[in-house]
Amino acid sequence: MTVEKFDPQQTTTLRVAKEEISKHHNADAPVLTGTEAKIGFVSLGCPKNLVDSERILTQLRTEGYDVVSTYHDSDLVIVNTCGFIDSAVQESLDTIGEALKENGKVIVTGCLGVKEDEIREVHPNVLAITGPHAYETVVEQVHDHLPKPQHNPFQQLIPDHGVKLTPRHYAYLKISEGCNHRCTFCIIPSMRGDLDSRPIGDVLDEAKRLKDAGVQELLVISQDTSAYGVDVKHQTGFWDGMPVKTNMVALCEKLGEMGIWVRLHYVYPYPSVDKVIPLMAEGKILPYLDIPLQHASPRILKLMKRPAAAERTLERIKAWREICPELIIRSTFIVGFPGETEEDFQTLLDFLEEAQLDRVGCFKYSDVEGATANDLPDPVSEEEKQSRFERFMEVQARISAQKLQDKIGLEYQVLIDEVTTEGAVGRCYADAPEIDGKVYLTDEFDVAPGDKIWAQIVHADEHDMWAVKVDDEDDEGEDNAEATM
Ligand code: SF4
């Protein structure tokens, strides 16, 4: 998990929950009304929280509850909160307050739920509170305040893959809960507990159901994807009648056989990651790694207690690129961590120049209530943090812009996300949804969300690219397919 993963724009509002459910169900489903049990749902925070929301909504829909899009229409509102950084806590508290004011019956769940006292101090009237991934308890709390509908009009309408809150063509695949690390700036382990890997058979079953439902891209998420299976000693599970080890490499091999895009998020540069790079070079999974490095100075990494702090990251990245030259690396960094000297910061800038990462997010350090880093000496002044942030962004903006310029003239497969009045908008393998750039196909209307087409890049700025569609049969494109997915 990285600080970047809290983005208020990713908030799934009441309206979004209803709309996404309607999209997934509308295709063949008759419009049904009449149930007396209507739920409003607001999901805040990161994709992991969104997956929790999907599970709760799936269960409620299975039991016959309707999901509605306004506070006024709801009999009860569930707020799935985020508590990662202070602004996330505030947004969660504000949202609970809004739901109480507009509706009055509110159940709270999610990361902030572990701080029940803090919530009750501000909002004493919430009906019930739970922490993250407490799906069954939330559903029981709903039963207590809004009895299950007798007649279930939705029984036939729940798709095999359950309720999804992302567009039809991509989905988050959560492989584990919790985290065994104790990064000093992070309170996730205190909210979500230690690593708890899902059985590999369950993960692969879910992936297959999503693929069968039309999903074109799976985004593998967890707090530390490279640690998958450590808690169960990488025990052998079963899928499709065959033994499969509970580890990241085996998971990637199996997902790679499904014939859809597979993108890895929150991976740490451990030696075990070396084994997934050949799968990327062979085109089995996308050559894309989201590695939240957070810093490059060994001293600061130690103060942060970062996983893989002792790894030789630059050497590792170079070796990966030799095996898979098209590998895209996204990362996030924190500047102004307590004790960060000008020398540490320069080490970070030097690292950026040398590592030539493709996509980078940067955050100014701020205290998070309950984090041990709050007690570290030598805080960096706000003025200095801002100055370092600007210097960091200047260096990385130049690198990112050059990386995208280098793609002009090349052909890539583009997954279409939407078609607007100006044309189609999609992404190539280098871009994860929500966090990376987009590929704009101006005046291209003959496509639909979920289509994969070949396109040639004709223009780029430091974040996005513009492209024109090319013929699928084009030989050059076919050759490029090997290298660029
Ligand atoms: S403790 Fe570290 S690795 Fe674990 S979730 Fe927090 S930032 Fe991520």
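Backbone N, Cα and C atoms are what each Cβ position is placed from, and that goes for glycine too.
Nobody curates TrEMBL annotations by hand; they come from automatic prediction.
Note that the coordinates shown come from a computational prediction; the quantities given were computed from them, not determined experimentally.
As given in TrEMBL:
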- C46, C82, C111: [4Fe-4S] cluster 1 binding site (BINDING)
- C179, C183, C186: [4Fe-4S] cluster 2 binding site (BINDING)
- 37-147: domain 'MTTase N-terminal' (DOMAIN)
- 165-402: domain 'Radical SAM core' (DOMAIN)
- 405-471: domain 'TRAM' (DOMAIN)
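For the pair C46 ([4Fe-4S] cluster 1 binding site) and C186 ([4Fe-4S] cluster 2 binding site), the C-alpha distance works out to 14 angstrom.
Between the C-alpha atoms of C111 ([4Fe-4S] cluster 1 binding site) and C186 ([4Fe-4S] cluster 2 binding site), the distance comes to 13 Å.
Looking only at other Cβ atoms within 10 Å, the busiest spot among the binding-site residues C111, C179, C186 turns out to be C111.
Note on the domain 'TRAM' (405-471): its mean pLDDT in the predicted model is 96. Put simply, C82 ([4Fe-4S] cluster 1 binding site) is 16 Å from C179 ([4Fe-4S] cluster 2 binding site) when counted between their Cα atoms. Among the binding-site residues C46, C183, C186, residues whose Cβ is positioned under 6 Å from ligand 1 are identified as C183, C186. Its Cβ placed at the centre, C46 ([4Fe-4S] cluster 1 binding site) has 23 other Cβ atoms within 10 Å.
Sequence-distant contacts of C183 ([4Fe-4S] cluster 2 binding site), defined as residues of its own chain at least six apart whose C-beta falls under 8 angstroms from its C-beta, comprise Q294, M304, K305, R306, P307.
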